[in-house]
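*Asks:* Copied straight from TrEMBL:
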ACT_SITE  His562  active site, proton donor
BINDING   His566, His602, Asp603, Asp723  Zn(2+) 1 binding site
BINDING   Asp603  Zn(2+) 2 binding site
COMPBIAS  841-850  compositional bias 'Gly residues'
DOMAIN    486-819  domain 'PDEase'
Amino acid sequence: MGEINKNDVEKYLENNPQFAKEYFDRKLRAEALGNIFKVNPGDVKDGISFKEMTKLEESHLLFELLMEIQDETVSLERTVHKVLKRLAQLLEADRCSLFIYRSRNGSPEVATRLLNVTPTSTYESCLIPPEREIFFPLDMGIVGWAAHTKKFYNIPNVKKNDHFCDFVDQQTGYTTVNMLATAVTQGKEVLAVIMAVNKKNAPEFSKADEEVFKKYINFISIPLKQYHTTYLYNIESRKSQMLLWSANKVFEELTDIERQFHKALYTIRMYLNCERYSVGLLDMTKEKEFYDEWPIKLGEVEPYKGPKTPDGREVNFYKIIDYILHGKEEIKVIPSPPADHWCLVSGLPTYVAENGFICNMMNAPADEYFNFQKEAFDETGWLIKNVLSLPIVNKKEEIVGVATFYNRKDGKPFDEYDEQITEMLTQFLGWSVLNTDTYDKMNKLENRKEIAQEMLMYQTKATPDEVESILQYRDKLEQECIEDCEERDLIKILKEELPDPKEVDLYEFRFSDFPVDEYDLIKCGIRLFFELNVVEKFKVPAEVLTRWMYTVRKGYRDITYHNWRHGFNVGQTMFTLLMTGKIKKYYSDLEAFAMVAAAFCHDIDHRGTNNLYQMKSSSPLAKLHGSSILERHHLEYSKTLLQDETLNIFQNLNKRQHEVVLHLFEVAIIATDLALYFKKRTMFQKIVDAIEKMEKEEDAIRYITMDPIKKEVIMAMMMTGCDLSAITKPWEVQSEVAIMVANEFWEQGDLERTVLQQQPIPMMDRNKADELPKLQVGFIDFVCTFVYKEFSRFHKEITPMLSGLLNNRVQWKARAEVYEQKLKALEEEKKKKEEAAAAKRGGGGGGGGGGEDDGKSKTCTIL
Ligand SMILES: [Zn+2]
């Protein structure tokens with residue numbers, strides 16, 4: 001044979017394929033193959049065949065895949081994409097896809113994760129971001145069916161398959177003809193579904209294709225399983241972190257509910273894996289305070305018709321705590337949030353509070369039922385995407401709040417594990433609330449004990465000697481034992497001891513306690529009940545009445561202003577409003593009795609500091625009562641006295657009468673909390689408006705007496721009128737009382753400075769004593785004028801109070817102006833001095849100036 005050229009060899013090989021195959025299988029050198037396929041030559045042995053080489057090539061690819069699977073920095077989707085690319089090539093499939101299996105709201109679903117994977121497609125073009133994903137339940141499509149049955153399917157013609165559904169085709173504009181599909185599982189759990197679609201160059205996928213498909217699914221299931229295991233591990237560790245936290249924190253610090261919530265939610269924020277969460281706290285009160293019921297009962301406010309919790313409370317979020325975890329961490333507390341606050345406006349928290357459901361919503365802004373804010377909240381551009389909302393339930397099965405979580409940090413929707421982990425969290429919160437509850441109860445008992453002891457220590461019931469000093473049965477009835485005396489005789493000798501009301505002006509608005517000593521004020525107090533004719537009518541034993549009045553006096557502490565004199569004045573004014581002011585006609589004798597008695601007790605055991613101070617100094621009282629702290633204490637104290645039968649002036653009433661009295665005590669005493677004054681003023685004004693238009697007295701009486709709520713509103717306003725009555729007294733009295741009030745305030749201011757280390761407000765700052773006239777004018781204008789103007793309009797007999805008030809305003813105003821003038825003069829003098837000094841300096845080096853000027857001019861020598 002001559003020389004063989006390249007063409008001849010090619011020709012021979014083409015014509016003898018069998019030979020070519022055998023030759024290459026047998027002879028091809030490893031190094032050459034290594035070069036062709038870029039395989040590491042060390043892996044290739046001499047004499048390796050082509051067939052073996054393709055296997056080698058494949059195993060190398062698989063090895064590369066394995067390496068990638070082991071690399072934790074490569075995402076699950078990227079690895080699966082690589083396998084699917086290869087699979088598409090080997091199967092000659094038009095494309096491959098990955099569907100992820102998950103569960104939300106208790107139902108399973110599948111969602112697109114990688115679509116349209118071809119041998120050449122890029123990862124980015126195939127990955128479906130959460131906001132574009134298509135998801136559907138398991139009863140839809142072959143994918144759903146594969147997930148449901150956990151089996152493998154080779155479907156030559158989808159049109160002939162009952163389970164086929166063109167849902168995804170319609171969404172993507174693709175036409176599926178045939179497919180291979182299988183579920184990837186771990187134990188009993190489905191993790192994903194893999195699909196190869198539309199065989200190229202053949203009508204369907206072959207048996208050999210099935211083998212290749214199944215083989216490669218193994219390489220996909222490894223990363224899927226690994227990812228799932230890591231994910232579950234992560235969930236477990238977050239769970240145990242929370243368990244640990246709960247053991248440490250929940251039971252360690254049992255103080256108040258809100259701090260508890262706050263601390264809990266803040267502590268676990270890193271385990272929550274969401275961008276933001278908010279907690280809405282629900283009002284737990286089932287019954288409203290009497291003053292909040294008034295406007296409804298008077299028909300001024302519509303009764304509540306909105307949603308209610310399963311246990312019948314109005315859905316009222318009184319506070320929202322908003323935790324922002326994306327970007328800069330921040331916590332916002334929103335007290336009394338408006339209904340259109342973004343946390344509430346969707347209606348979802350209300351829905352959850354109403355029904356107690358867990359709601360896991362994907363792409364929440366697109367929801368039609370709920371109205372989520374679609375725009376950005378602030379300049380960060382943060383948007384709501386996915387929302388998981390669930391109730392916080394305590395052990396009593398009451399919904400105490402709603403926790404809402406927004407946007408999982410990885411952008412994916414919340415799944416069943418998120419539901420589990422947040423449910424666990426809200427359960428803990430519920431429990432902690434219960435704990436706080438029981439703790440609160442214990443604490444309240446403790447406080448009660450403390451207060452009771454304090455009460456006993458400070459105040460002792462009037463002694464027999466003290467009672468006898470007024471009720472002189474031994475001297476006057478010549479009996480050794482009071483039990484041996486006739487009640488009629490006791491009443492007689494008691495009355496003899498009491499002052500003449502005319503002599504001490506007991507019927508007058510201008511009454512002053514100054515000429516009467518504190519002991520005689522006890523007698524004056526008893527006298528008022530006789531004047532009301534309630535002692536005989538309600539069979540109040542003379543001894544009990546005397547002991548009660550004496551004990552009430554002793555219940556007042558000897559403080560600067562809120563002492564027995566103030567207590568007596570309020571009782572006397574109540575009496576005067578009823579009798580001289582003619583308000584008695586709307587009330588029964590029993591009611592008048594209770595009102596005057598409550599007025600005497602209204603500030604009993606006052607400590608000379610106000611409600612705010614109780615809160616700031618966390619006094620036992622503040623721990624016991626949530627609002628109207630002192631007023632509730634005065635009420636409790638008064639009721640405690642009445643529980644002692646030897647002090648119970650209402651002992652001969654029947655049960656219903658007794659209830660009336662206790663209710664009036666509550667309304668009257670709580671009403672003296674000036675914070676509630678603004679709630680009742682318009683209600684009172686409306687009653688006065690209506691009365692003013694009536695011509696006949698009977699009409700007015702009927703209008704008021706027919707409606708117990710109107711009577712309560714008027715009584716509450718009377719209490720305010722009595723409590724502030726010092727401002728209506730003759731100037732000689734008012735000017736002195738004002739100094740006493742101011743002194744008590746200044747004493748509190750001193751306590752704030754020393755004990756609480758806080759700067760007191762001007763009213764309580766003794767360094768600003770000169771501002772008193774100005775403060776008095778302000779107090780008259782903003783609070784008092786309304787009260788006495790309306791009372792004068794209500795009953796002209798009460799006009800002396802308004803006149804007194806207006807006179808005092810003139811006095812205070814004059815003094816305020818004098819002070820203003822003085823300040824102005826001082827200011828001007830200062831200004832003149834400064835100008836003179838400046839002029840001197842402006843004159844230049846000539847004068848040389850005194851020492852003072854020299855000292856000042858050091859910084860001003862430029863000119
Ligand atoms: Zn008072």
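Note that Cβ sites are derived from N, Cα and C of the backbone, with glycine treated the same way.
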*Asks:* On average, what pLDDT score does this prediction assign to the domain 'PDEase' (486-819)?
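*Replies:* Mean per-residue confidence for the domain 'PDEase' (486-819): 93 out of 100.
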*Asks:* With an 8 Å cut-off on Cβ-Cβ distance and a minimum sequence separation of at least 6, pull the same-chain contacts of Asp723 (Zn(2+) 1 binding site), or say none.
*Replies:* Val570, His602, Thr672, Leu674
*Asks:* Can you tell me how far the Cα of Asp603 (Zn(2+) 1 binding site) sits from the Cα of His562 (active site, proton donor), in Å?
*Replies:* 7
*Asks:* Using a 10 Å cut-off, grab the number of neighbouring Cβ atoms around the Cβ of Asp603 (Zn(2+) 1 binding site), all chains included.
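*Replies:* So the number of other Cβ atoms within 10 Å of Asp603 (Zn(2+) 1 binding site) is 26.
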*Asks:* Other than His566, His602, Asp603, Asp723 themselves, what residues in this chain have Cβ atoms within 8 Å of the centroid of the Zn(2+) 1 site's Cβ atoms?
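*Replies:* For the Zn(2+) 1 site, the extra neighbours are His562, Gly567, Asn569, Val570, Ala599, His606, His634, Thr672, Cys722.
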*Asks:* Taking the Cβ of His562 (active site, proton donor) as centre, how many other Cβ atoms lie within 10 Å?
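*Replies:* 24, counting other Cβ atoms within 10 Å of His562 (active site, proton donor).
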*Asks:* Out of His566, His602, which of the binding-site residues is least crowded by other Cβ atoms within 10 Å?
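*Replies:* With the binding-site residues His566, His602, fewest surrounding Cβ atoms within 10 Å: His566.
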